[in-house]
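K.L.:
According to Swiss-Prot:
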- 1-23: signal peptide (SIGNAL)
- 30: N-linked glycosylation site (CARBOHYD)
- 54-64: repeat '1' (REPEAT)
- 54-78: region '2 X 11 AA approximate repeats, Asp/Glu-rich (acidic) (hirudin-like)' (REGION)
- 60: sulfotyrosine (MOD_RES)
- 68-78: repeat '2' (REPEAT)
- 73: sulfotyrosine (MOD_RES)
- 167: N-linked glycosylation site (CARBOHYD)
- 171-191: region 'Glycosaminoglycan-binding site' (REGION)
- 366: N-linked glycosylation site (CARBOHYD)
- 402: N-linked glycosylation site (CARBOHYD)
């Protein structure tokens with residue numbers, strides 16, 4: 001959509017998730033020598049710039065303070081403001097009881113993600129796989145909301161449930177949200193817990209375009225996004241940006257930027273890359289061809305991984321589904337949700353809420369299980385403009401939107417691109433291929449077989465952050 005009286009702004013997010021070993025060396029475009037994960041703490045994983053020892057900037061040196069004082073800030077438990085609606089059954093504020101500030105924000109981020117997922121699902125066909133990275137989308141919306149005013153700001157805060165967060169406690173205000181996103185970035189992306197989780201936020205501004213200095217300062221303070229000059233009509237800019245994203249995502253996302261409208265004046269970029277190691281690995285020699293039921297009539301052969309170990313699992317009688325938790329090293333896990341009936345996916349998708357996930361997690365039991373899970377790789381590319389419009393965010397995407405906190409000139413967003421890739425396979429470490437796993441007789445253990453369409457949710461547990469979610473309808477398709 002063109003806005004002749006407006007300049008254009010684009011929001012672009014890129015997400016990658018894999019399950020390969022952590023021994024692979026990391027490289028940086030500004031460095032000729034590769035470095036090992038043992039030195040991971042020396043890299044600023046927000047800006048992707050190498051920081052030589054003894055030359056850390058002030059913001060990075062503040063990390064030690066963040067590990068103490070700031071943890072108290074984000075993990076403090078505040079009283080919930082009483083409201084008439086809170087007493088209603090199933091109200092999400094009931095989940096806030098006993099939860100920290102960062103967990104409360106992430107509960108509402110998940111609520112937004114589930115609503116957005118449902119809109120994407122309605123726009124897709126029943127045979128489509130789906131995959132999104134909620135933390136990236138919420139972060140991008142948080143960044144842009146810094147510059148929104150009036151009704152435009154209210155729309156975003158309502159749909160993202162930021163307003164619900166602020167209203168939950170007399171101690172919360174709008175700035176609290178941005179402070180928590182800042183602390184979440186430190187918690188998730190600047191600490192090495194045994195997995196690789198990296199993020200880059202970028203703010204690209206066309207040369208000579210007037211951006212408010214307080215907006216640029218707030219972007220840096222809360223989201224670590226440094227303003228950089230760009231020449232969007234120049235193909236060299238696209239090439240350079242694509243190379244940067246290619247390296248960040250270890251080659252998983254190629255040609256991320258294809259065409260940028262020459263009228264674009266500002267681009268906000270959010271990239272996330274995750275690589276985790278299974279706690280219970282899938283030996284490669286156990287992978288075999290197995291039937292996967294697409295629907296009542298169609299079956300495809302897929303590469304089915306197999307392992308045995310202690311796993312948390314639950315069954316939901318109300319939604320008629322089974323849930324399995326697959327743990328990554330370091331406090332991240334993937335929930336696999338499988339409807340017992342092929343026709344049960346619609347009900348499951350319609351009723352998925354943070355309250356339901358909480359119920360699953362509280363009802364899980366730990367025992368020895370044999371697990372069969374298909375390998376899969378999903379590559380998805382969405383323009384979320386129409387999706388967000390249908391959810392109630394309209395002024396952000398038309399010429400009447402109030403973004404006066406960004407620039408004195410009128411701006412309209414014409415693109416909100418969300419591109420994501422996930423690879424799930426046997427590899428957890430280099431030794432995974434030669435790991436020997438003994439299997440007990442089936443009569444003495446429980447088998448969890450994922451041989452029909454399923455949902456998956458990837459959570460970081462300490463912050464209750466929903467990193468990724470999706471649906472695998474056909475593992476043989478991307």
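Including glycine, each Cβ sits where the backbone N, Cα and C put it.
It should be emphasised that the depicted structure is a prediction, and the values quoted were computed from it without experimental measurement.
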K.L.:
Fewest neighbouring Cβ atoms within 10 Å: which of the glycosylation sites 167, 366, 402?
P.N.:
366
K.L.:
Between the Cα atoms of residue 402 (N-linked glycosylation site) and residue 167 (N-linked glycosylation site), find the distance and write it as a whole number of Å.
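P.N.:
Residue 402 (N-linked glycosylation site) to residue 167 (N-linked glycosylation site), Cα-Cα distance: 23 Å.
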K.L.:
Within the region 'Glycosaminoglycan-binding site' (171-191), count helix residues (DSSP H, G, I), strand residues (E, B) and coil residues, in that order.
P.N.:
16 helix, 0 strand, 5 coil
K.L.:
To what whole number does the mean pLDDT across the region 'Glycosaminoglycan-binding site' (171-191) round?
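P.N.:
That stretch averages a pLDDT of 88.
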K.L.:
Quick check for the class: what is the C-alpha distance, in angstrom and rounded, between residue 366 (N-linked glycosylation site) and residue 167 (N-linked glycosylation site)?
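P.N.:
A Cα-Cα distance of 37 Å.
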